[in-house]
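A.B. asks: Below: one structure in structure tokens.
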């Protein structure tokens, strides 16, 4: 008898590693860089906020790596034949983290009131929407003014995080005390935030998607120094290094460690592109030739190899190469200092000092600022670096108090969602570092972007977007640098973390850690 | 030349002086030795030292010449060290002299202000000041000056208090000389030696403060300084030791030189107090 039991146990043990079922429990330790200014995703949408708060809040839809829609808060949806009516059927029995019931009213409030006021990117989408209604508690209907090609791509959590109506209605959104303890419907609840140390999310036991999430808690560690972040991974303090959390020259060394997996997946939706913001309103940069000179002066091959460890691709224009409507016929500006000097002279530049405010996202980005300054000084443009912290940098961009700055922004799967916002003149407004900060206004570009967005046929859209790319590449409203490569480094025992086109940002719903 | 004899009798002081002369010479001739801007990317990144004699100390993360950075950084370090010390003296000496000379309520008031600055940790205060005014060479110099004057004020106050009771000062008062003229002509000249000694040490600590601020990323982003070089290199210390090693050595040597000189000056200027001479 004993022998039989032993045999059964032995066979069971032998089988155990082969079972690939997710394991419940455990804690994920993740690096967050830099510390986000807030976790209220409806108000703040910079990268670290999206990375954490995407697990607290949810959108109506999720997207796979090919950017096809998947259910989330909406379990199913229909699009009318004329492309004007989008009907979403919501999950039933969904509860906010404070226990209140979630309903279609929350969705209508979020889209029509909250995000219309607070979310510049979503506001641009709302331009196409005629009405948002809730015929019953579990149905939401968006009616469009005219067909809008990428509309079904607009419901990801960072684009449209559903916020609780019962907490925000009638309050001053920016100063609502609940912003410090965000309440969403997502798989994880806000636990604790020790400023400068860590942000803790805990499992939402009442999560509507039965059985998920698997992890008990997630710690996002704030470690302000890149070398310390690399050490934290090596010593086992953290298990997941999101893209951008270690310096690029450390990546090959870390990727070669035992039990370490690296992937560039999970960024298909964002397709981040970096560029130099040029304040086209004032000074020498108001001149097109001067801006072209900047483009020729930047040694982007060097920037890619020396600063980004060869990851990424030199941008040929405002559309990231991995996005659908990038015109591959457009050649990137070559590195040509001689030509840049000529153009600087032709532009009538007479020695004004340009203020460069580098994006303070760590050493690589600071070095990038220094390299840009040097590249520009080599062709006779005087540059002064102004260093500041993340909040100060956001502030300066929002107030247009800069001449040059660096950034990288996401393209959100479609030029009408992620590209046009940077270049159309209707999106010039103080108060946001993510809109048309450079102040570029060109009626032709506005018209083309509008046409591209209103067209459904991909071939026609391509023609329109090719034209807009040619105009922008000639005008250089911003100096494009690289389409960034974004490697995530983690222990191989962390499974199913990256299952969508936005990767980590909503990945912890499915993630588990193999014992 | 009694002064020099006494100064030279302390071998450390001579070594310090030689070191300082070399550092000053390098700083002064930096534009000639390294005519390129130290921010210029001159070679491939991470070139190890002593491999290419054109860039004898190697290149940094983006291919900038480390030796050029050191030479140009010396200018910044010395300049900030000197100017901020002068600033500290300009605040500290009048405060101390007035407090020591007049005593009473003036003394109380001025010393409470001094104590206020002394109780705030000086480095933290410097960080706050620089962060408020945005990092630039002016704000950094000012910040270091503001946090380092209290010891000067206390030293000068003590000296002035004891000198105040000397007969020649009393004689000057009886002669009807005005207080400013007594302080400036009779008292301060006699208190100058300890101030000089202290100032030389303050330059050293100012250089350290500037390096620490730059290390933390609060340096002037447009000036190459030693602290910046170490701060930028610390993330790659495993791949490229030389990027933090050479500027570190430069800081150590400069601070050491100034300390040795300070000690030697003390011997030379206060022969009766000297520990070395019997």
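Even glycines carry a Cβ here, placed using N, Cα and C.
TrEMBL: automatically predicted annotations, no manual curation.
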A.B. asks: Given the ranges B:48-72, B:123-147, which one is assigned the annotation transmembrane segment in TrEMBL?
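C.D. replies: Checked against TrEMBL: transmembrane segment maps to B:123-147.
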A.B. asks: From B:78-103, B:156-181, which range did TrEMBL mark with transmembrane segment?
C.D. replies: B:78-103
A.B. asks: Compare B:78-103, B:194-219, B:240-261 by their Cβ pairs under 8 Å to the transmembrane segment (B:12-34) and return the stretch that comes out on top.
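C.D. replies: It is B:240-261, which has the most Cβ pairs under 8 Å.
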